[in-house]
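Structure record follows, encoded as structure tokens.
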Amino acid sequence: MKKQRAFLKWAGGKYGLVEDIQRHLPEGRKLVEPFVGAGSVFLNTDYDQYLLADINPDLINLYNLLKDKPDLLISEAQRFFTPEYNRKEVYLGVRADFNSTDDILFRSLAFLYMNRFGFNGLCRYNKKGGFNVPFGSYKKPYFPEKEMLNFADKAKKATFVCEGYPQTFARTRKGCVVYCDPPYAPLAQASNFTSYAGNGFSLDDQAKLASIAENTAQQRDIPVLISNHDTALTRRLYKGAQLNVVKVKRTISRNGAGRNKVDELLALFEANNQS
């Protein structure tokens, strides 16, 4: 199966790790992702069904629109990918309009535009919920039409929901496999690279997620695979799991020279009947 790229740029996107994740994902009928992000794992696996969740409503609304009305969304989005829109003042105008409207179609179009024209493909909101990523100054941002069509086609097998991870875990049933790609635990206490949704993902959340994952596997026979940084903290949190280490390059950094390889942990909590 040829590797499929996501149509969104995404901090911590899993395109480069897809083969490693595929190797460790158990078989099942439905893949459940409580932190779907750009969807690289969804796009590069072959389950009968998918339940894909994220706490970011802009992301989920965009996915549902692309699933339900791909032709409309793609033709409307194309209008933004012109030299006229590749100017700082125009970008800031679209961002201001995005922050002042509830219109789902416009917000979805603007979200895609800002993802491609904004700085480093970041997705960041201020405390009031306003999108605040600056203009990216790229020569000619790529319009991901082919990737959007691929996503829309695969989305026929998927249900997209906007909710927190405990709610998504509560929906799982026998025959499901869960893959979690949470905001990563910091490599050091000074690091604030903790959340892409703008509402924080604390160390308590890291511990709560590990606990829910372990209980889901042991008490409900549903396997859970989690990816995270390989640190003393994550090894402690995932001590009940089968741990696999992968070298991976961090792709989002303000300082290009700082893009070092960081060990990645794939922690598999096996279903009770598999261990």
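A Cβ is built for glycine as well, from the same backbone N, Cα and C atoms used for every other residue.
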Among D103, D153, D181, D204, TrEMBL assigns to the S-adenosyl-L-methionine site of W10, K14, D54 just D181
Between all pairs in W10, K14, D54, D181 (listed as S-adenosyl-L-methionine binders), what's the biggest Cα distance, rounded to the nearest Å? 15
